[in-house]
Structures are given as structure tokens and as C-alpha cells.
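S.K.: The structure's right below; bear with me while I get my questions together.
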């Protein structure tokens, strides 16, 4: 396996190693994580090298930028499927919302995807007025502009939204500083957590009939078409990503004043070792690589959306906004250089009527999974579950909006394809989770 540089050797903000390499069961699991991935022409080793040297260092810096660190989320939405009976076992379930005074003025003004570079250097009220004239997605829009945005939202929701989006105008929606509320083990488990994953796998996922229990990733099965295999593998990869991070950032010592977090080899073994997972553990990790490929492909395809002169990642700080956009475009160039992208054109091909029906089924299944995130009983788990699900949903929206992206005008918004700031932040941070988690699988 490729000898990778560990995050802690790159002077980056790392979540640490997964485990001690001397742990035999961990080594046994990792030796099986190699070779070509199913349903694509890419191998684990090539992804590792590309991710470690090309993507990880730059993406770490991008996450720390103000535009990408503040995420607006509603953690009080009721579960639409059952009465939520989950509660955390430790205080670290709590999510600390960001004080209004800490939010950059451009973000607070509601400029999710700011148009017009000239507006960046002006006072906030002038920026909002300019945004209104140009049709920016803004909560201070005129009535006429609001109606236009509603039309866009209806179009998008009918055509390509894969997620149930939070209403950012809700009084329960709050900004969260993602850097101050990191994903890690919270003690949330038991019947409540099991019910969430059971509902995802058993009621909302495509799977072969031989797979009865949740938490059991899909083995290659000729009984499922490519689209349904892809769907299942994405959910499995998302689940593996979450479990891997919980194993790497486990509460080792519950000291109230100074809790100690770190890798838990036993937890990793229980979740991924073949002997504890009926041989499925390494495949679960491979599905994480597959998730990475899908999100990587989406980001490379959406580069032209951000490359337009009218799109600014607006926070109100002109210098930082320019640097942030330049860094993002630089990362996009690296992503586009990857030679073994997943070919989404192989999906939903053939009979047009059948493909359309299957795509809609695919979309509605995933949208329902995004709604299940409101049933997670731990606030911190809910935060990161919603963010990562929305990030993947945004990636799917991008992959299946190729024509709309290709036809984007350079100097005006497009009714055919839009991304809100909420979607952009979720997309980047969700992919950053995959980036970091792949390194965790190889770092010792």
C-alpha cells in the first residue's frame, strides 16, 4: 500500500490516527483494503496518493475560511416519522450555536451565493441593495425578487433536489461554527441510533434480498442494476465515514475539565474487522472510497459554476473573499486532473422512460433519508448527519444537472441551476470528511 504522509506530519489540524499500527486486528483489516473498486475503473492506491498529496493540504485551509466554517442549521425540527426518544449519554452531544456578533456581516446578511464583485467593498446595506438588483439569493430581497427565487426553488425542488433543506429563515435555524463543534464520539447509541440506521437501510435503501440486517454494506450482486448498487454503496460509505471518525475521536477519559479524546482500536475492530462483521468490514471501507469518488466527480463538474465572474464567496471581507475563491478554484483544477473519475453517464441510460422513473425513485429515496436525519437524538450527531447528507445530496444534484451547468450564463443567475450557500458549505465540508477519513484508514 502507498506510503502516505500522515496529517500530523503535515502540520495540519488533524483528527489524529485511527489506531496504533501494532494492533493486529487493525492491520488485518487494512491489508484487505486494496485493489480496484467495484463499478468503476479506479483503485484504492491511486485514490490514496491523490487525496493525500493533492487534495488534503489545500482543503484543510479552505475549511478554515469564514465562508465554509459557518453552517446554518435547524436542530429543532421534529422527527417526521416517530417520536424522538433518543438522548445523549455525555455532555458532548451539545452543539454550541455561534453568537450573532461572531458571524461575518456578508454571511449574516443572507448572501448565500453573492453576485457582483463591485458590491464587496461597500457597506452591507448597499451590498444588499445591489444584490437585489442582480437577483442574488438573499433574505432581504424585494417582493419581485422573492417571487423569482420561489420560482427557482420550486423548479429545483421538482427537478434535482435530493435533500430536504432547512428553512434558513426559521427562528429555530442557527449558525454553527463547525471548527468549534467537531464531529466525534458522543455516546449516542442504543435503540434510538439503531432505529435511525434501520429505517435508512430497511425502508429507504435498495439492497439485495439476501441482506436483511442494517449496517451491512452491499456485496456485488447482479440482481441490482448499477443505479441501485450506487445508491446503496453511497449510504454504506456515508455510514462507514461516520463510524470511522467515531473510532478515531473516541472519548478515552471522561474528565469533566479535560476530557481525553483519541483513537480506539477496539471500536475500529468491532466496526470493520472481517471477523466482527461477517467479512463485510473491508467492503464498508471500500464504499467510503466510492463515496469519495462520487463527491470528487461532482466537485470537478461544478467548477464552471464558481469560475464565473459574478460568483463571489461573500463574507464582507473583500481580501479574504478573493483569496477563498482563488483557493477553491485551485482545488477544482487539482480535482479535474484526476485521471480516473467515476462516469456518471453510465447511470440512468437506456430506455428514457424507465431511466426517468428510476432517477425519480433514486432522488425520492435519498430525500427521505435526509428527512430521517431530523430523527437523530443527539444534537452533534444530527448536525454532522444533516451536513454530510446534504453534502452528498448536493453532489448528486450536480451530477444530474450537467446540461444546466454547461449552459450557465456568465453574468447573470440561471433559473436552471442554483446552489445556496447552505448547499455549498455542506458540499465542501462533507467532502472534507471523506478526505480526512481516507487518510485515517492509512495513517499510523
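Just so you know, glycine gets a Cβ as well, placed from its N, Cα and C.
Annotation source TrEMBL lists active site, nucleophile at 378. As annotated by TrEMBL, active site applies to 381. Summarising the annotation, TrEMBL assigns FAD binding site to 184, 186, 197, 236, 239, 271. Marked as disulfide bond by TrEMBL: 88-93, 128-163, 378-381.
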S.K.: Are there recorded positions among 163, 197, 236, 239, 271 that sit within 10 Å of the residue listed as 'active site', Cα to Cα? If so, list them; otherwise say none.
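M.R.: Matched recorded positions: none.
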S.K.: What is the separation, in Å, between the Cα atoms of residue 186 (FAD binding site) and residue 378 (active site, nucleophile)?
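M.R.: Cα-Cα distance, residue 186 (FAD binding site) to residue 378 (active site, nucleophile): 8 Å.
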S.K.: If you count Cβ atoms within 10 Å of the Cβ of residue 93 (disulfide bond), leaving out that atom itself, what do you get?
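M.R.: Looking across every protein chain shown, the total is 19.
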S.K.: Measure from the Cα of residue 184 (FAD binding site) to the Cα of every one of the recorded positions 93, 163, 378, then give the nearest.
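M.R.: Spatially nearest to residue 184 (FAD binding site) by Cα position is 93.
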S.K.: For residue 378 (active site, nucleophile) and residue 93 (disulfide bond), what Cα-Cα distance in Å is obtained after rounding to a whole number?
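M.R.: Cα-Cα, rounded: 6 Å.
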S.K.: Could you tally the C-beta atoms, other than its own, that fall within 10 angstroms of the C-beta of residue 381 (active site)?
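M.R.: There are 26 such Cβ atoms around residue 381 (active site).
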S.K.: Compare all C-alpha positions of 184, 186, 197, 236, 239, 271, the record's FAD binders, and send over the largest distance in angstrom.
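M.R.: Between the most distant Cα atoms of the FAD site, 21 Å.
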S.K.: Between the Cα atoms of residue 93 (disulfide bond) and residue 197 (FAD binding site), what distance do you get, rounded to the nearest Å?
M.R.: 18
S.K.: What's the number of neighbouring CB atoms sitting within 10 A of the CB on residue 239 (FAD binding site)?
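M.R.: Within a 10 Å radius of the Cβ of residue 239 (FAD binding site) lie 22 other Cβ atoms.
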